[in-house]
Each structure stands twice: as structure tokens, then as C-alpha cells.
């Protein structure tokens, strides 16, 4: 009975990671270190280029800068600990460390989702309402969209963490993951977790699904507008405006769905860990590449930043 009511204080967990094979750990360390450094450099350069270039002081780039900053932080929540565990023998993490990691993982993941929805709305306004675009996507409107994204995500995350902190853990403390995700921890708890599971399927799903539905609605309206354009060049220009965003949305939500809307067998759990790597490590690294490949203004700002040349709005 004492074990069943074990206090949460002093508890530590063991992160089992992606593999227990010593022969795979060093190659994985090198791979993920390269991906992480590329993510930091890519997203950091995007933020710096947007700040340094007056030509990029526009709503879509303001939102992109916040997305890149969120991606930079998102990768930093899980990857450093994963890299350390690939080299160290001690894979333990305290309960406080686990909850802290989970808090920022939830918060930054939802921030990404909300910012992608805000960027879809920006694309919608740019294509469907080009004349009043400056009024509809004013500085105040952009600040409100970004502020709402950060506020909603942190309130959502705080709610989860306050509930998770009340759980007791009396079974094995081995977490079959490379970071503290909520589902593995819920399976280790000996408390009644029905209220948290209910929250995940209601509030949690709403926080993730609502931005996704807004993105679908925005792109539905965009598609209808594009089909009405008389010239092929106009349609191509409209598609290129939002092509990079659509690629990022597909990558992000594709992997999220693969992780959180799947069965719970061992094979699916293993695939879930691989998919989690995709949206916590690979997607933040690919986003700057996708946006710079599709956008000449970003390419020009990055070149100017790297060679130390200052560009003005007239250079665009």
C-alpha cells in the first residue's frame, strides 16, 4: 500500500531512447548532432535575416520569424538530452526535469500549430483580398495572432502539467521513449488517469485539430480563388505564394497524426518514436530549407546576411 501511494518527490525516470544497441548509438549521435546543428543554424539565420532586412518587414515574414524561433526552441527541448543519453550510461531524468521537458514540448508544439494556422490565414488574405491586405494584416493584427498562439499554447501546456504532477508512479520507471512524452508516463502511473485521458481527447484534440481545420478552410478558399484566376501565370504565382507553407504543414501534421492517432501495439509504438523524431528533429531542420528554396526574398536576405551586406526594401 505504501508503494501504491509513493510520493512523487525524489522520483527519477530512465529514458530508454531510440535504441539499446551500443553499435547504433554513436552513429545516431553523429546523425542527430548534425541535424540539430543544421536546425539551429537554419532557423537562427532565418530569424536574423528577417530582422536585418527591411524588405522582409512584412506580415508573412513576421509570422515566419516566430515560427523559426519556435522551431529552434522546439528542437532544443528534446534533442540535447537525447544526444547526452546516446553517449552516457546514465539515462535518468528527474520528475521535475521530466515535467519541465514535457511542458515546453507541449507549449512549443501547439505554438507551431497555431502559427501555421496564422500563416495560412495570411496566405488566404493575400490571395483572396489583396487590396485591403495591409489593413487586414496590420502590425496590430499580426501581433495579436502571434500573442494568441503563444498564450493558448502555454495555458494548454500548464493545464496538462498541473494534472501530470498529481500522479503517483509506483511501477517501473523506465520510459520507452527518448524524451518525456505524456502517453508513456501515463502508462507508468498507478493513479487513476481517466481524467487526463479525457482531457487529451477533448481539450488536447481541440487545440491541435482547430488550427488544422482553420488551415484546411483557408486553403479551401485559396483553391477556389486560384481556380477563378484567368491566366496560368496568375495561378502559378498564387500557388508559389503559399507553396512553402503548404509543404511545411503537410510535413508537420503528417507526422503528428502518425504519432498521436495510431494504435498502441508495440510495432505502432516503435513507428511512433520514429515519427516523433521526424517532427521534433527533422521538420524544424527542413523548414528553413523549404522556405528559402521557395522564396527569393528570403534567399536574397540570407545572402546579404552571410556576406555582411545590408539591403533595403527597394532591393527586393
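Cβ coordinates come from backbone N, Cα and C, glycine included.
As given in Swiss-Prot:
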DISULFID  98-190  disulfide bond
CARBOHYD  5  N-linked glycosylation site
TOPO_DOM  1-26  topological domain 'Extracellular'
TOPO_DOM  51-58  topological domain 'Cytoplasmic'
TOPO_DOM  81-101  topological domain 'Extracellular'
TOPO_DOM  122-140  topological domain 'Cytoplasmic'
TOPO_DOM  160-197  topological domain 'Extracellular'
TOPO_DOM  221-237  topological domain 'Cytoplasmic'
TOPO_DOM  261-273  topological domain 'Extracellular'
TOPO_DOM  294-316  topological domain 'Cytoplasmic'
TRANSMEM  27-50  transmembrane segment
TRANSMEM  59-80  transmembrane segment
TRANSMEM  102-121  transmembrane segment
TRANSMEM  141-159  transmembrane segment
TRANSMEM  198-220  transmembrane segment
TRANSMEM  238-260  transmembrane segment
TRANSMEM  274-293  transmembrane segment
Proximity of the transmembrane segment (59-80) to the transmembrane segment (198-220), 3+ C-beta pairs under 8 angstroms: no
Disulfide-bonded residues compared (98, 190) - highest count of Cβ atoms within 10 Å: 98
Residue numbers, six or more beyond the limits of the topological domain 'Extracellular' (160-197), whose CB comes under 8 Å of its CB atoms: 3-8, 11-18, 77-78, 81-82, 85, 93, 95, 97-99, 101-103, 105-106, 204, 269, 273, 276-277, 280
Same-chain residues near the topological domain 'Cytoplasmic' (122-140), Cβ under 8 Å, at least 6 residues beyond its ends: 59-60, 63, 218-219, 221-222, 225-226, 238, 241-242, 245
Segment proximity, the transmembrane segment (102-121) to the transmembrane segment (238-260), 3 or more C-beta pairs under 8 Å: yes
Ranked first among 27-50, 102-121, 141-159 for CB pairs under 8 angstroms with the transmembrane segment (198-220): 102-121
PLDDT averaged over every residue in the topological domain 'Cytoplasmic' (51-58): 88
